[in-house]
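Participant: Before I ask anything, let me first share the structure, which is written out below as structure tokens.
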Amino acid sequence: MKMKRILTALAVPLLALFLLADTGFAQRERGFDDKEIRIGQWGPQTGPAAPWGAVARGSKLVFDMVNEKGGIHGRQIRYFIRDDQYNPSQTMAGVRELVDRRGVLAFVGGVGTAPGMAVQSYLRQNEIIWVGVCSGAEAFQDNPWQWNMWPSYFDDGSLLAKFAVENKGYKKIALFYQNDDWGMDAMKGINRRLKEHNMELVAAVPVEPIERDLSSQIARLQSSGAEAIIGIVAPTQAAIALRTAVSVGFQPQWLHSYNLCDFALMNHITDGLWAREGVITSAFTDDPNADTPLMNSYREAVKKLAPEERWGIFYMAGIVVAEPLVHALEKAGPDLSTAALRDALDSIADFKGIGPRITWSKESHRPPRELQIWQCGPNGETIVVQDWIENELSME
Amino acid sequence: MDMKRSYYEDIELFGSGTVLFWAIILLAGLLAAPFFATQYHVYLFNLILVHIIVAVGLNILVGSTGQIALGHGGFFAIGAFVTVLLMTKLQLPFFVALLGSAFIAAFFGFLLGLPALRLEGPYLAIATLAFGLAIMHIIGHMELFGGRTGLSAPPLDIGIPQLGFSWVLHSQVSKYYLILAITVGMVLFAINILKTKAGRAFVAIRDSEIAAEVIGINLAVYKTLAFAVSAFYAGIAGGLYAFVLGFFDPFTFNLILSVIFLVMVVVGGLGSVMGAIAGATLITYLMYDLFKNVGEVPVVGDLLVSFSRQWLTVSGIDNFNLIALGLVMIGIIIFEPLGIFGAWIRVKKYWKTWPF
């Protein structure tokens, strides 16, 4: 009985907390006031997709740096992260809450195709600016309120194939791909590129994302006699495939998509095989350890503002998507409005942060078409084997 | 207190005038709610209503029949995918598609009920768990269901467009009224079903299978029936969920969702329809609203964030969501095994005899 009385006593402050959570923020003017600009992002902070949650926190670094320098035209950036656990229904709840209750001006980033698809039409109907969804899917390309940063999977495949053929001179190239839109889009890019060279894939082996025994796929790839294999698969499967191949003495050159360019992570889950095999990947940022003023400033800021974060590729992706938004907010000037920000985004030309070079216009919000190609060095370091290169075969 | 003097008093829908009175007040409040709420809240209400349908249905199986089920995410998924596909591929009207998908879900419920005749407790939990996981991956493998990319729901037309009579619901508010009407219907149906022969049979099975069999209850029929009815509820809820969300992929219906459904029923109070409603409301509100916003509450939010920075991972405030949900669950089981419904009974008793 005593416990119950304690619980009853606890219920009072708990109730107060409920009320605070609900009333503390009455409806305000949408997006900004004289003191702050409100920006939101969703991302899986918990649950099985949690490693990608670093994207949302990476964007926070950029905003914190801006706020430290006094904000944008006197306004601080107030940034909201909503954990959606990679579940569309939670994304929708978080996004509606941020729009209705917090009144955000714009969304930045947002990991994943499914969560993004769930909120796309809602954001479009409400004319809310959305910069840099973290998905290369084609479905995001013709929303007038969306500006894209994430390189398309078509371009990714095309540039990987280009590097394999033109720089490395491989004649026999095979594809190991995830059997869905991601893999298919990349395959289109690869086939288009190989056609230019009158070549064909010697094998295209699909894999389902839940498969964990990949020996039959590796056997097929091996029997095709491929010298190089382009992989469009998730990190776990890339690691399993690499181990399986090495264990049967099959050691082609692996080229993976930009989603796997976190060499520290890949080396960790392959016990160093990633470095020993010198795996090549495409990449959508500058070298994480590059000695450029911008990169140095971010690395120092992480040490100071977010020392608990790992300087990984997903964290950097958050920076990549936030940079153009901050740039546009500065360009939009002190007379901020949704229209002003939209025009500023539309007129971004040749902007370069630590990601690819961006040009947007009123007609085209397509993502940049350039990528870098990296190779994992013997000590797990990043070797840039191909500087930024644009895909000249890109689809319109 | 609630003394029943005749059988007919027991099967009354509303036990007393007071209950009827408050039920009408509640309904009026629900009807008026959208006028005072933001778009966001209406979306939250819709989610709550959908979850109530699932929880009430799951309660018939878990609470009243005593069969554990961890695979309701699967039936929920069947409801969502089949409703949308029947509407887009076969051009069926919404209500036909919704009922069709619910019956298909019920059929799968019946199939899952068959092994349940031989399985009990943890073994049944494993079997249903496997079903929920399998459905998610099977849907993900089939091109027809949109593969892993998922499906977009068509416009919600509650008329019969094939006959030229079209009535499209665009806003969350109009969907809210549709879902509210269906939810009320499903809840009344659940209350009533427990007072029929079938409902009595369910309870008899829960209390003692052997005793039930001795008094002439066909275990095979009623156990599978309980599964089918429960899956029917999840199917209806899934069909509505598809339109609340607009877009969904197979992994929306993951294991966590199935577990959360069970949590709703347990927190609410096993075996009570009102408990299931309360549980679904509370858990949905906690998961989707309160826990997501705690970080912005003055003082408390900052405190939690700094605690998380110090002791937990870099995710910040979101570390607490599942911890808090788990604590709610553990607290309920330790202090109030009958859930919210049990607490309600106690409060009622207290005031009945107050101040003595």
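Quick reminder: no glycine exception, Cβ is built from N, Cα and C everywhere.
Not my notes, these are from TrEMBL:
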| type | residues | note |
| --- | --- | --- |
| TRANSMEM | B:12-37 | transmembrane segment |
| TRANSMEM | B:43-62 | transmembrane segment |
| TRANSMEM | B:69-88 | transmembrane segment |
| TRANSMEM | B:94-114 | transmembrane segment |
| TRANSMEM | B:121-139 | transmembrane segment |
| TRANSMEM | B:176-194 | transmembrane segment |
| TRANSMEM | B:255-288 | transmembrane segment |
| TRANSMEM | B:322-345 | transmembrane segment |
Participant: Let me spell it out: take the transmembrane segment (B:322-345), skip the flanking residues so only those 6+ beyond its ends count, and list any with a Cβ under 8 Å from a Cβ in it.
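Facilitator: Apart from its flanks, the transmembrane segment (B:322-345) reaches 263, 266-270, 272, 274-275, 278-279, 282-283, 286-287, 291.
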Participant: List, by number or range, the same-chain residues at least 6 past the transmembrane segment (B:176-194) whose CB is under 8 A from its CB atoms?
Facilitator: 13, 27, 30-31, 33-34, 42, 45-46, 49-50, 52-53, 56-57, 59-60, 64, 156, 158, 169, 200, 202-203, 229, 233, 236, 240, 244, 273, 277
Participant: Do the transmembrane segment (B:121-139) and the transmembrane segment (B:69-88) share at least 3 Cβ pairs closer than 8 Å, excluding pairs fewer than 6 residues apart in sequence?
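Facilitator: Checked: the transmembrane segment (B:121-139) vs the transmembrane segment (B:69-88), in contact.
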Participant: Give the nonlocal contacts of the transmembrane segment (B:255-288) in its own chain as ranges (CB under 8 Å, at least six residues past its ends).
Facilitator: 44, 47-48, 51-52, 54-56, 58-59, 62-64, 69-74, 76, 129, 132-133, 187, 190-191, 194, 203, 206, 321, 324-325, 328-329, 332-333, 338-342, 344
